[in-house]
Amino acid sequence: MNKQGNQMSFLRTIILVSTFGGLLFGYDTGVLNGALPYMGEPDQLNLNAFTEGLVTSSLLFGAALGAVFGGRMSDFNGRRKNILFLAVIFFISTIGCTFAPNVTVMIISRFVLGIAVGGASVTVPAYLAEMSPVESRGRMVTQNELMIVSGQLLAFVFNAILGTTMGDNSHVWRFMLVIASLPALFLFFGMIRMPESPRWLVSKGRKEDALRVLKKIRDEKRAAAELQEIEFAFKKEDQLEKATFKDLSVPWVRRIVFIGLGIAIVQQITGVNSIMYYGTEILRNSGFQTEAALIGNIANGVISVLATFVGIWLLGRVGRRPMLMTGLIGTTTALLLIGIFSLVLEGSPALPYVVLSLTVTFLAFQQGAISPVTWLMLSEIFPLRLRGLGMGVTVFCLWMVNFAVSFTFPILLAAIGLSTTFFIFVGLGICSVLFVKRFLPETKGLSLEQLEENFRAYDHSGAKKDSGAEVIG
């Protein structure tokens, strides 16, 4: 019993340390919300609308590329080594952003930082999925999502604290940015002591090392059985050539890619990052003063963390499909109400409070259902040999849609107003509900190897009989 307790304790340590990649992901995507006003001052980087957009979006471009190359590097070097490498990039690029003397250095540093963010968005969920036992994989993988939203909340809180206490210091934005160097150091030194993924070790023929790792996080009998299951799955793939983009055109793999791309797009076209990146501007647009809007932005961060706790709890009890459907219906309804009330209550002192309550409601559904399911399913639907490449391609798509939404939102807001902008997202939300209902398989309760078998079986059967809870792929 004591040995089993040590195994669980070590597994929890693995989860805590590796998900600091998610914390960095969240902090670095959220911190600019409060840093930009100070950064843009004439005696600092002197940003205009164009360069401000470049500083913001350069991270997203880098993240898109980091997702693709991070997946391939993860397959080649291993999940653990890749996370160590990403921690170094996080640290160096954070220092580059902090001490940037001009906008050019800032854009380059943000781009490099984005590569680390994108790489972490692929590698950390894959590492967690491959270390977790099947019955708790959902809860453990979505710990990363919890760390992402916690990182965003920390960014909002530190921005508010530093902005309030050091607002008269023109370099306050540099203090906001440099904070991210601390979790980068923790991630690096923590991962040095963590083991490599047993599934990756088997893929490299290191079966004894894989068994040694499994015995550290499973009881001996289960470790041996799980190793056999991994070996059996790998033997089927061992006869195939090394994974390339051409492999993604194989019919049964193509279906997985289609589902993965759909999940990635669905998560972003809800408009979540229009709220996470421009939440303060949305609240100001609805009638709040700047200070009240900043406080409201912290409320958005708090509800994101609380909702993610609920989402992690639900994943162990509810299927992926019903969670995603419920989340999409909730977010689409919240956006519809924002659009309607922005028209009906235009100019009313009640409008900003209504909009704030609805953005909080939106984030409760987004972070409590949609986002946890997204990252979990992307980490579990691809077969071992294609997991790094497959996640890289789908998360590249996720980041590019993220960029498109984040880039166009302020343009739409200025051109057609708050209500019409959100009506567009309502239309996209309806399309997302239809996609999930028609195409999304259920993966709860299945091992990664069983999922692969089901996708292969779907290809041989030629048609899916039922898109409900029982799934053939």
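Glycine is no exception: its Cβ is also placed from the backbone N, Cα and C atoms.
The following features are taken from Swiss-Prot:
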type: TRANSMEM; residues: 14-34; note: transmembrane segment
type: TRANSMEM; residues: 49-69; note: transmembrane segment
type: TRANSMEM; residues: 83-103; note: transmembrane segment
type: TRANSMEM; residues: 111-131; note: transmembrane segment
type: TRANSMEM; residues: 146-166; note: transmembrane segment
type: TRANSMEM; residues: 172-192; note: transmembrane segment
type: TRANSMEM; residues: 256-276; note: transmembrane segment
type: TRANSMEM; residues: 295-315; note: transmembrane segment
type: TRANSMEM; residues: 325-345; note: transmembrane segment
type: TRANSMEM; residues: 350-370; note: transmembrane segment
type: TRANSMEM; residues: 389-409; note: transmembrane segment
type: TRANSMEM; residues: 411-431; note: transmembrane segment
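Within the chain carrying the transmembrane segment (411-431), a Cβ under 8 angstroms from the stretch's Cβ atoms is held by residues 269-271, 274, 278, 281-282, 285-286, 328, 331-332, 335-336, 338-340, 342-343, all 6 or more beyond its ends. Contact between the transmembrane segment (14-34) and the transmembrane segment (350-370) is not supported: fewer than 3 Cβ pairs lie under 8 Å, counting only residues 6 or more apart in sequence. Tertiary neighbourhood of the transmembrane segment (256-276): same-chain residues 29-30, 33, 152, 248, 282, 300, 304, 324, 328, 331-332, 335, 359, 362-363, 366, 370-371, 373-374, 377-378, 381-383, 390-391, 393-395, 397-398, 401-402, 405-406, 409, 422, 425, 428-429, 431-432, 435-436, 439-441, 455, 473, selected by CB-CB distance under 8 Å and a gap of 6+ residues from either end.
Counting residues 6+ beyond its ends, the transmembrane segment (146-166) has Cβ neighbours under 8 Å at 19-31, 33-35, 38, 172, 175-176, 179, 183, 276, 294-295, 297-298, 300-302, 304-305, 308-309, 312, 367, 371 in the same chain.
Within the same chain, the transmembrane segment (295-315) packs against the transmembrane segment (350-370): three or more Cβ pairs sit under 8 Å, each pair at least 6 residues apart. Residues 266, 270-272, 286, 351, 354-355, 358-359, 361-362, 364-366, 368-370, 373, 417-420, 422-423, 425-426, 429-430, 432-433, 436-437 of the same chain sit 6 or more residues outside the transmembrane segment (325-345) yet have a Cβ under 8 Å from a Cβ within it. Cβ atoms under 8 Å from those of the transmembrane segment (111-131) belong to residues 11, 14-15, 18-19, 21-22, 24-25, 28-29, 58-71, 73-74, 79-80, 82-83, 85-86, 89-90, 92-94, 96-97, 137, 140-141, 143-144, 197-200, 217, 375-376, 378-380, 387-388, 391-392, 395-396, 398-399, 448 of the same chain, restricted to positions at least 6 beyond its ends.
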